[in-house]
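Annotated in Swiss-Prot:
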REGION    1-229  region 'Pyrophosphorylase'
BINDING   8-11, 22, 72, 77-78, 139, 154, 169, 227, 332, 350, 365, 376  UDP-N-acetyl-alpha-D-glucosamine binding site
BINDING   102, 227  Mg(2+) binding site
REGION    230-250  region 'Linker'
REGION    251-461  region 'N-acetyltransferase'
ACT_SITE  362  active site, proton acceptor
BINDING   385, 386, 422, 439  acetyl-CoA binding site
C-alpha cells in the first residue's frame, strides 16, 4: 500500500509573540516541523507534502530536499489546508496521514502504528487518540459499541457524560487517500469561525457508509501541540528527557539528567560521563570514556576518546584522544587540539592547531597559529595576531619552549628546539636551537626607596 504524509505548517502562530513563524521554533536543536518530518520519514512514505502559507519561503528553506510543498493562500482551516495538496495527491491510491507541524514529539513508531491500524482495520479514516490525564479543552472521542468512532465532541459542545470521556483527539488522522479528497470537497464553513474543518470529513465518510476507527497510542505526551512559549518549554523538557534516556541506554552516564541539555543530533560514546548544567548542541560528536564537568558548553565540535572538559566552552572545535581542557577555557572556531595536548585554565584558542603533547597551561591567548608537538607555552603568553586590519599567522616548531609572559607578534616563525625567554616580545624569526631574549635590562638604583613618595613622612626600618 502506498503511503503519503501531509504536514500542516501554514499558520503564523500569533500566541508565540514572535517574528519567527511558529513551526520554525526549535526543540532540542531542530525546528518543530523538522521533528515532524523526521517522524514521517520513519514510515518510508512515497510522498511527504508540507502545506505552507505564512513564512512559506522560510519553511521551504528549512525543509529543502526533505518534502514537497503545497501552498495555502489564506488560512481557512485545517480542511482547506489539506485540500491545498489536492493537485499532488487527489487521484493516488493509498493511505494519507495528516499531522501538524507544531507537534514535535510524535515518533516514527506512533505514525507507523497508525498506518498499520488503519490498513488492517479497513477504515476509510482512523483517528489517532490518547487517554489524557486531564482532558479539559480537548475534543472527546465518542465510540459505538463496536469501537468505531461516532463523532468527536468539542469541550464547549459536550454533555456531562461525553465530557467524562478521557480519550481525546490528538489532531493526527489517517485516511484512504481518494476518499479523503472526495470528502474534502463536501466540507462546508457554516460555523462561527467560517473555516473548513478536517474533522468534518469523519462525519461525511461515516454518513456515506465508510468505516471510521481510531488507534489509541500509549503515550499521551507525544500529542502536545505547541501554541505558546509555555508549551514550547514543556515540549523541550519532554524531548530532552527522551534524548538523555536514549544516551543512558547506550552507555552514557548523567550525574543530573534533568539539567543536562543535549541537542537531538549530538552523538556520545559509551562510558562518557556528563555532569549537571552541561549544554551540548548542534552536530557535536563525543567519543568514549570522556568526562564533561558542570557548566561546560559544547557546540558543533568533535571530541575524541578519553577527553576531559572542565567547565569550558567549545565552539566548532576539535579535541583529539587523551586531551584535556579547563577549567574556564574557550576553544573558538577552527581550534584543533591534537592527541595528548593539555589546555589549562583561562586559555583562549582561535583558528589554531595545538600539536601532540603540547601544554598551554594558563592565562594564554593563541590565535592564528600552528604549534608543533611537545611544546611548553608559559603562563600569560599572548600570540598577537591582529594589526587592526589583517590577521597574521605564527608557527612554533616541535620541542620549543615559550617562557611566561611572552608576546609573539605575528607573522613570525619559531623553529624546532627554540627557546623564548620569559617576558620577551618576539618580532623576528627564531632559528633552531636559538634562544630569543627581547626585554629591557634590569637596573637597580641604590637607596632609591627613600626618594619615593610613599616613603615620605613615614618611619621605615
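Placed from the backbone N, Cα and C atoms, the Cβ positions cover glycine too.
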By Cα-Cα distance, the member of recorded positions 227, 362, 385, 386, 439 nearest residue 10 (UDP-N-acetyl-alpha-D-glucosamine binding site): 227
Per-residue Cβ crowding (10 Å cut-off), top of recorded positions 22, 362, 439: 22
Secondary structure content of the region 'Linker' (230-250), with strand meaning DSSP E or B: 20 helix, 0 strand, 1 coil
Neighbourhood of residue 139 (UDP-N-acetyl-alpha-D-glucosamine binding site), C-beta criterion under 8 angstroms, separation at least six: 152, 153, 154, 155, 168, 169, 199
PLDDT averaged over every residue in the region 'N-acetyltransferase' (251-461): 96
Tertiary neighbours of residue 227 (Mg(2+) binding site) (same chain, Cβ under 8 Å, six or more apart): 13, 15, 16, 22, 102
DSSP three-state assignment for residue 102 (Mg(2+) binding site): coil
Chain residues outside the region 'Linker' (230-250) and at least six past its termini with a C-beta under 8 angstroms from it: 16, 25, 27-28, 32, 35, 104-105, 221, 224, 257, 260-264, 266, 268, 270, 274
For residue 77 (UDP-N-acetyl-alpha-D-glucosamine binding site), the one of 362, 385, 422 that lies nearest, given that the recorded positions are compared by Cα: 385
